[in-house]
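Asker: Before anything else, here's the structure in question.
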Amino acid sequence: MWRSLGLALALCLLPYGGAESQGQSPACKQAPPWNIGDQNPMLNSEGTVTVVALLQASUYLCLLQASRLEDLRIKLENQGYFNISYIVVNHQGSPSQLKHAHLKKQVSDHIAVYRQDEHQTDVWTLLNGNKDDFLIYDRCGRLVYHLGLPYSFLTFPYVEEAIKIAYCEKRCGNCSFTSLEDEAFCKNVSSATASKTTEPSEEHNHHKHHDKHGHEHLGSSKPSENQQPGALDVETSLPPSGLHHHHHHHKHKGQHRQGHLESUDMGASEGLQLSLAQRKLURRGCINQLLCKLSEESGAATSSCCCHCRHLIFEKSGSAITUQCAENLPSLCSUQGLFAEEKVIESCQCRSPPAAUHSQHVSPTEASPNUSUNNKTKKUKUNLN
């Protein structure tokens, strides 16, 4: 109950779903008209809650996201959320088009995967979206949430919660396509949620009673059996704003890089066995200098982007272990990667440099723009031509 309320509150606080990767999406507005070939996916899904995922077939993590989207679809259907249309739009670039079959293979026929025509207007551009973005529309085709990294990672519950909100809550007003069956289902969901409100209250009072006697029991302040020392709830503790654990850098060594300790311990507790070298790397974090190529529209050439990924989440999928960044990074960077053996391989998704970078006329050190980000101050400094 409280977990759901926390997620809903976090989603409310996120501006347009917290997606930093795109310009401000028009909340509760109809999706702009877009077609792929002679098909109109949004028109075809009218009357259902529509989930549009912008995934890149040439990206390993995107393939993993597609597989997780299929798992999420099955999970929601098992919970009774049936009237949902799932749409995946592949990137328009040639590398992604060549690997389109790999992307389509990750999902069932219940999820439509569209290949863009390179001669048509880029759908991602029309939707103000970037790689790994999720756009959730209500039954009338109005945008309820636009989630970008890191909130769109399906290892987090934000996409699932956003879909449920779009399904049962009238965030954008009434919709004539809402059926009586959907209203009855949502009423039952609301009643079931309300019936659980008394249970946490009673449990909370019970814990308060025991807290008063905590010093009498062995004089111990050890964490509970199910709690790792210094651990956080990964699913619900992700801050909804830019205030992402900056204070960790000022605490003593035992609390420094708390996200790493949490991730490693969490993985081990779930049967994910990491080697000693992997655990050391996990605590050290992934800090790589990565080269990025900005979009041609920005008029900028290749730039250098420093991604500092300090709060890692490890998850095993098949024979691979994925390493994901669970924090806000400078607007220029987005870290994600594959944790293989003793190395963290990061890829960097570049965005247009912040306005502050454009205003700084520093003598260039290279033939191309060079933007570096200070991990402590979370500020970017750019040398432009």
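The backbone N, Cα and C atoms fix where each Cβ goes, glycine too.
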Asker: From the candidates CYS168, CYS172, CYS175, select the one that Swiss-Prot records as forming a disulfide bond with CYS186.
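Answerer: So the cysteine that Swiss-Prot bonds to CYS186 would be CYS168.
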Asker: Would you mind telling me which one of THR178, THR193, THR365 Swiss-Prot calls O-linked glycosylation site?
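Answerer: Out of THR178, THR193, THR365, Swiss-Prot attaches the O-linked glycosylation site annotation to THR365.
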Asker: Can you tell me which of these residues Swiss-Prot lists as N-linked glycosylation site: ASN188, ASN370?
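Answerer: When Swiss-Prot is consulted, N-linked glycosylation site appears for ASN188.
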Asker: Can you name the residues of this chain that are 6 or more positions from CYS186 (disulfide bond) yet have a C-beta less than 8 Å from its C-beta?
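Answerer: Counting only residues 6 or more apart in sequence, the Cβ neighbours of CYS186 (disulfide bond) under 8 Å are TYR167, CYS168.
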Asker: Provide the three-state secondary structure of ASN83 (N-linked glycosylation site) computed with DSSP.
Answerer: coil
Asker: Expressed to the nearest Å, what is the distance separating CYS172 (disulfide bond) and ASN83 (N-linked glycosylation site) at their Cα atoms?
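Answerer: Pair distance, Cα basis, whole Å: 18 Å.
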Asker: Would you identify the secondary structure of ASN174 (N-linked glycosylation site) according to DSSP, in three states?
Answerer: coil
Asker: I need the nearest neighbour of ASN83 (N-linked glycosylation site) among the recorded positions ASN174, CYS175, ASN188, using C-alpha distances.
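Answerer: When the Cα distances are compared, CYS175 comes out closest.
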Asker: If you count Cβ atoms within 10 Å of the Cβ of CYS168 (disulfide bond), leaving out that atom itself, what do you get?
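Answerer: Step by step: centre on the Cβ of CYS168 (disulfide bond), count other Cβ atoms within 10 Å, giving 20.
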